[in-house]
């Protein structure tokens, strides 16, 4: 996350760290959201290579054991059949991970609330992106979970020339466009949007501009969760 600040520990209790095995260690690569006790929602581009994965729930500082973590292995990966790794702008950047064990819910580990099917946010809806991604373009990952204020940008604005143009589809959500943004390592994580006083995960972090994570008029682009509710229900 570029901009924003370090989150209060465990204040986004559905946020997970998706990690891959290399040698004898695991490394953070993407975020995700716990949506059932045995299921995580993330981005397709995070899991479209064959690796050994694990999911860490209740995490805050990636390098410190704070006692709230639950570490889960991944039983199976379900990538949307429409996903094409050569065309992230084509959409369908969503995947479900079936965990080998059920999460125990507590103050640090909670299920994300998902929006009703096909709900569209108005322009400038209050949202936060959360993640351990890079804190500047080409910079280091954040040890601690960060959050940044990222108000939604409606499709008409986001798809206009000078913004993202035709790269952005109606199955995506844009948010930000100013100094704050997602960045590499935030992918798959949530866009947490406030609707009627509660937070719902309206987006799965998908891509940013190649000219910089927080390039002007290039808001962070998310898979629109409300477009895939029936797809997810058909798998879980």
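Using N, Cα and C of the backbone, Cβ positions are placed for all residues, glycine too.
Since we're looking at a predicted model, the values are computed, not measured.
Residues annotated as active site, charge relay system in Swiss-Prot, with experimental evidence given as evidence: 45, 93, 187. Annotation source Swiss-Prot lists Ca(2+) binding site at 59, 61, 64, 66, 69. Swiss-Prot lists 30-46, 127-193, 158-174, 183-213 with the feature disulfide bond. Per Swiss-Prot, domain 'Peptidase S1' is recorded for 1-236, and the stated evidence type is sequence analysis.
Feature map: Swiss-Prot annotations on the structure.
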residue	record	Cβ within 10 Å
30	disulfide bond	27
45	active site, charge relay system	20
46	disulfide bond	26
69	Ca(2+) binding site	17
127	disulfide bond	26
174	disulfide bond	27
183	disulfide bond	28
187	active site, charge relay system	27
193	disulfide bond	25
213	disulfide bond	26
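Neighbour counts were taken at the CB atom with a 10 A radius for the recorded positions 59, 66, 93; the maximum falls on 93.
Taking the centre of the Cβ atoms of 59, 61, 64, 66, 69 as the Ca(2+) site, the nearby residues of that chain (Cβ within 8 Å, site residues left out) are 9, 58, 60, 62, 63, 65, 67, 68. The two recorded residues, residue 45 (active site, charge relay system) and residue 61 (Ca(2+) binding site), show a Cα separation of 24 Å. Among the binding-site residues 61, 64, the residue whose Cβ has the fewest other Cβ atoms within 10 Å is 64. Taken residue by residue with DSSP, residue 45 (active site, charge relay system) is part of a helix. Computed over the domain 'Peptidase S1' (1-236), the whole-number mean pLDDT of the model equals 98. When the alpha carbons of residue 64 (Ca(2+) binding site) and residue 46 (disulfide bond) are compared, the span between them is 24 angstrom. The 10 Å shell around the Cβ of residue 158 (disulfide bond) contains 23 further Cβ atoms across the protein chains shown.
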